[in-house]
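Accompanying notes for the structure given below.
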Amino acid sequence: MTTHAHNLPNVASRLKDATGIALVSLLLGVPMIGLKTVDAGGALAIATRWPWLLAFVATMFVGRLVLQFVLDHVKLNKAKRARTRPEIGATRPWLKWIGYGVVGFALVLPIAFSGNRYVVDTATTVLIYVMLGWGLNVVVGLAGLLDLGYVAFYAVGAYTYGLLSTHFGWGFWETLPVAGAAAATFGVILGWPTLRLRGDYLAIVTLGFGEIIRLILVNWTDFSGGPNGIGSIPRPTFFGLPFSPDSDAGPTFASFFHLEYSPEHRVMFLYYLILVLALLTNLFVSRMRKLPVGLAWEAVREDEVACKALGMNVTNVKLSAFAIGAMLGGFAGVFFAARQGFISPESFVFSESATILAIVVLGGMGSQLGVVIASVLLVLLPELGRDFSEYRMLMFGAAMILIMVWRPGGLIAHREPTYRLAKKGAQA
Amino acid sequence: MSEMLLEVDRLTMRFGGLTAIDDLSVAVPKGKITSIIGPNGAGKTTFFNCLTGFYKPTEGSVRMHHPVHGPLLLNEMPSYHVARKAGVVRTFQNIRLFPNMSVLENLIVAQHNALQTASRFSLAGLFGRAGFKQAREAALEKAEMWLTRLKLIELADTAAGNLSYGTQRRIEIARALCVDPLLLCLDEPAAGLNPRESAELNELLLYLSREHGKGVLLIEHDMNVVMRVSDHICVLNFGTKIAEGTPEQVQNDPNVIKAYLGEEDADDKEAA
């Protein structure tokens, strides 16, 4: 036994492990690779392929050794890294400048790419995910409550707009606060019974909640249109000016500003609309983080029992996180419905929740800028990978794994403390 | 006899068939240090959990004489109310700080209730109203005061989880003090401290009880701390009180010697 026995298993045990794998592959390989049926003049005959089998077993043996070697080293590196906690004292002003840079880029993007509808559309999708990511960041990143059913609130927002606009003729702006409130209410409804649960158990209940909402939408046909969804949802207007070719109904955006009608106006308007919504979300969440309730969210994430011992009503802290996260998801849902003009339960499946959660985790729990970078990655990677056709999702998965191996704490694991003694009172 | 702060009356806590605390009565005076000692598994931490609302005692009552709210029954309160309303704040045997937050933030979180009220449940805070800014300054000042007092001011902007064990213990006490407790319940504050650090702890405990008039309830194994600072000691074994009195009385009590060292028997004595 070496002194590193607890870190790296010795050679003998590795060989034994690989031999075991080789034996299993031999067992499986004999019928699948070793023996082959061939057509011998109308009848079936069995041909053997022992060299192939040998090569297969040898590959498995060597492959297992290599895999274990790599895994051990990854584990060792991770353990080393885990021992050093990121220093909180260091400020990172450049992170702020990157943030401003990203906002600046987002502002000029549709102008720089005007005429390229695909780019602006994709950027709009990215921004929807950014907004959802920022909303979920409150629940998962700050309050540390693992929510696997976040898409339910997105759906509540989208259906609130879909139903109110098609049945009662409500506009985008009137519906926005109502949908936010409806989603927040659902957040509290979900939050209330799950307050005692933690970690895995909470994740399961939220997962179930997400499915319940989706199944209701699928099955309650009278209410939600069932699997057919809701169509012809009115598009948002520019302060009452619709984006349509000249019509007799009244002035349109193009006619009012004496522009030539172009369908691009709407694409650009939608882009700027979600940009404004996202920036407001960011402002709101950043402000909340610096308020007592934001610090309380983080404290609950760090240690719930200690919070109780300090006289904090953990129930209220968690509910506020659930409600605010849900409300932001609801806003994003309204925008989604308005942009698509058509919604169906198809858009609110579990994989959406998983994608949003992946954005938060990949970006770095609690980091606003991290969410942006992760959203860009998660939307663009599959888009860029279109050339690889069916290998697209494989590449996507591999990229995710690589990022998590490279940066286990997420892309931006840095946390800027809310209070600093050095410059106290400097922040608002 | 000084004014009683906390009165525990015939407290019993059962977990299924196990009786962790059996018919225990203790009184904790204001401005004095009361210690609970006893061998491992005697029920000391269970007793703390019953006091602070983490467990609901099976029988008996815990009464806090609050100068403003009058007598309060702690055994009927949720744990956060015990700290918020009754002013009974505890620390933990296995330190429970917020490790990824700075030391200063740990102390600010302890003042959450005052800040949350001042921020009008975030509404005033969201718009940066003056009242909230004042409350924030006050919270920072209080945190700064305790950090200076406990010689932690240099570490204010460091992540709490990065610091040494002894320092983390001090931070936990500083954080508890930021809640403005009337009664401070410390669960083994000297565990893992070196002799110099535990001497500093003694000084701090005496300062808090004498100068600030805080009641201190102490669970401790380190006799250098217990015997030097306690005004009153209560000895537990198997959930029952076996002795009570001043440090001298307890040290000479045959029941205590028996519980700690075993029966007066030649073999046992050697083993001990």
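Glycine residues also receive a Cβ, built from the backbone N, Cα and C atoms like all the rest.
Residues annotated as transmembrane segment in TrEMBL: A:21-46 (among others).
Under the heading transmembrane segment, TrEMBL lists A:52-74 (among others). Here the transmembrane segment (A:52-74) has Cβ contacts under 8 Å with residues 7-9, 14-15, 17-19, 21-22, 25-26, 29-30, 33-34, 405 of the same chain, all six or more residues outside its ends.
Look at TrEMBL and you will find A:94-114 (among others) tagged as transmembrane segment.
Below 8 angstroms of C-beta separation, residues 106, 153-154, 199-200, 202-203, 206, 271, 274-275, 277-278, 281-282, 285, 288-289, 294, 297-298, 300-302, 317-318, 321-322, 324-329, 331-332, 335-336, 339, 355-357, 359-361, 363-368, 371-372, 374-376, 378-380 of the same chain, each at least six residues beyond the ends of the transmembrane segment (A:126-146), sit close to that stretch. Feature annotation from TrEMBL assigns transmembrane segment to A:126-146 (among others).
Summarising the annotation, TrEMBL assigns transmembrane segment to A:151-170 (among others).
The transmembrane segment annotation in TrEMBL covers A:176-195 (among others).
The feature transmembrane segment is assigned by TrEMBL to A:202-220 (among others).
According to TrEMBL, the transmembrane segment annotation covers A:269-285 (among others). Cβ atoms under 8 Å from those of the transmembrane segment (A:269-285) belong to residues 103, 106-107, 109-110, 120, 123-124, 127-128, 130-131, 134-135, 137-138, 236, 238, 243, 253, 328, 331-332, 335, 338-339, 368 of the same chain, restricted to positions at least 6 beyond its ends.
Residues annotated as transmembrane segment in TrEMBL: A:319-338 (among others).
Long-range contacts of the transmembrane segment (A:358-381) within the same chain: residues 95, 98-99, 102, 122, 125-127, 129-130, 132-134, 136-137, 140-142, 144, 282, 285-286, 298, 395-396, 399-400, 403-404, 407, 409-415, each at least 6 residues beyond the stretch ends and with a Cβ under 8 Å from a Cβ of the stretch. According to TrEMBL, the feature transmembrane segment maps to A:358-381 (among others).
Annotated transmembrane segment per TrEMBL: A:393-413 (among others), in sequence order.
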- To the transmembrane segment (A:202-220), which of A:94-114, A:151-170, A:176-195, A:319-338, A:393-413 is linked by the most Cβ pairs under 8 Å? A:151-170
- Item | Maximum Cβ pairs under 8 Å to the transmembrane segment (A:319-338) - stretch from the list A:94-114, A:151-170, A:393-413 | A:151-170
- Message: Can you tell me which parts of the same chain pack against the transmembrane segment (A:176-195), counting only residues 6+ beyond its ends and a CB-CB cutoff under 8 A?
- Response: 149, 152-153, 156-157, 160-161, 164, 170, 202, 205-206, 209, 213, 314-315, 318-319, 322-331, 333-334
- Note on the structure: Within the same chain, the residues 6 or more beyond the ends of the transmembrane segment (A:151-170) and with Cβ under 8 Å of it are 132, 135, 178-180, 182-183, 186-187, 190, 209-210, 212-214, 217, 223-224, 229-230, 232-234, 325-327, 329-334, 336-338, 343, 345, 347-350, 352-353, 356
